[in-house]
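Engineer: Got a structure for you, written out below as structure tokens; questions coming shortly.
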Amino acid sequence: MDLKYLNQKEAIDVDQELFTEYKFSVDQLMELAGLSCAHAVAKCFPAEKHPRILVCCGPGNNGGDGLVAARHLSLMGYTPTIYYPKPTAKPLFENLSHQCQMMDICGVKECPSVATAASDYDLILDALFGFSFKPPVRADFVAVVELLQQTKLPIASVDIPSGWDVEKGKLTECDVEPALLISLTAPKLCARHFRGEHHYLGGRFVPPALQRKYGLNLPTYPGNELCVKL
């Protein structure tokens, strides 16, 4: 059987079933997802060559994955800087932000220009929007999406390249073109349109019964790895 690519409804259903049927908590899955993202980044963009990472976080769970990834990347020898234009006023996200602050991870208030990003960073982690995204991009995020579209820096996108349709992929030719896509739990249909160099699967937490129910046919994670190349 081939690896299954999920449509938007299937992605939402799988997520909800992890919470309701399998009793995972949001922070539990977010920690595992963000950690797997950090490991995928480290495999593709070693800290020796790409130490400075701009981590762009959105308002939902995708942004939470980015905050977790930033914390772990800081422990792996990277220097992450967080751009979080619309922080989520929920204890989970406030705690994740606080953890980053306590680990001396800096943040920026304004979205860097293309030129500033080119001089100050080596890589951008795109953790803006996940599989629940529906266009258009809200005003708070227009500047950072334009940065992602225009930058020459390599981009690592968490689950969905920001601005893409979860099923159809790019909506315009100028949409984000990440070098690394980290699909979480299972790849979404838009990943079929990914043309970048690196595609990894992260989120090593899917119960076998859930895999069978949805026919996910996920690849085997090698050894003790937290992500697997697709």
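Including glycine, each Cβ sits where the backbone N, Cα and C put it.
The following feature annotations were taken from Swiss-Prot:
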DOMAIN    11-218  domain 'YjeF N-terminal'
BINDING   Asn61, Asn62, Gly63, Gly64, Asp65, Gly130, Phe131, Ser132, Phe133, Lys134, Pro135, Pro136, Asp159  (6S)-NADPHX binding site
BINDING   Asn62, Asp126, Ser162  K(+) binding site
Engineer: If you count CB neighbours within 10 Å, which one among the binding-site residues Phe131, Phe133 has the smallest count?
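Structural biologist: Result for the binding-site residues Phe131, Phe133: minimum number of other Cβ atoms within 10 Å at Phe133.
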Engineer: Taking only the Cα atoms, work out how far Phe133 ((6S)-NADPHX binding site) lies from Asn62 (K(+) binding site), in Å, as a whole number.
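Structural biologist: With distance taken Cα to Cα, Asn62 (K(+) binding site) is 10 Å from Phe133 ((6S)-NADPHX binding site).
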Engineer: Gly63, Pro135: which of these binding-site residues has the sparsest Cβ neighbourhood within 10 Å?
Structural biologist: Pro135
Engineer: Name them in sequence order: residues not among Asn62, Asp126, Ser162 whose Cβ is within 8 Å of the mean position of the Cβ atoms defining the K(+) site.
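Structural biologist: Not counting the recorded site residues, we get Cys56, Gly58, Gly63, Gly66, Ala127, Leu128, Phe129, Gly130, Ser157, Val158, Asp159, Ile160, Pro161.
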Engineer: Out of the binding-site residues Asn62, Asp126, Ser162, give me the one sitting nearest to Pro135 ((6S)-NADPHX binding site) by CA distance.
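Structural biologist: When the Cα distances are compared, Ser162 comes out closest.
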Engineer: Whole-number Å only: compute the distance from the Cα of Asp65 ((6S)-NADPHX binding site) to the Cα of Ser162 (K(+) binding site).
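Structural biologist: Ser162 (K(+) binding site) has its Cα 14 Å from the Cα of Asp65 ((6S)-NADPHX binding site).
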Engineer: My understanding is the cutoff is Cβ-Cβ under 8 Å with a sequence separation of 6 or more in the same chain; which residues meet that for Asn62 (K(+) binding site)?
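Structural biologist: Correct list: Ala127, Leu128, Phe129, Gly130, Val158, Asp159, Ile160.
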Engineer: According to DSSP, folded down to helix, strand and coil, what is Ser162 (K(+) binding site)?
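Structural biologist: Coil, per DSSP.
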Engineer: On average, what pLDDT score does this prediction assign to the domain 'YjeF N-terminal' (11-218)?
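Structural biologist: In the predicted model, the domain 'YjeF N-terminal' (11-218) has a mean pLDDT of 96.
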Engineer: How many Å lie between the Cα of Ser162 (K(+) binding site) and the Cα of Phe131 ((6S)-NADPHX binding site)?
Structural biologist: 10
Engineer: Sequence gap of 6 or more, Cβ distance under 8 Å: name the residues on the same chain that satisfy this around Asp126 (K(+) binding site), in order along the sequence.
Structural biologist: Cys56, Leu148, Ile155, Ala156, Ser157, Val158, Pro161, Ser162, Val176, Pro178
Engineer: Tell me the coarse DSSP state (helix, strand, coil) of Asp126 (K(+) binding site).
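Structural biologist: Reduced to three states, the DSSP call for Asp126 (K(+) binding site) is strand.
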Engineer: Among Asn61, Ser162, the binding-site residues in question, whose Cβ has the most other Cβ atoms within 10 Å in this structure?
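Structural biologist: Its Cβ has the most other Cβ atoms within 10 Å: Ser162.
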Engineer: Tell me the Cβ neighbour count for Asp159 ((6S)-NADPHX binding site), meaning other Cβ atoms within 10 Å of its Cβ, over all protein chains shown.
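Structural biologist: If we count other Cβ atoms within 10 Å of Asp159 ((6S)-NADPHX binding site), we arrive at 28.
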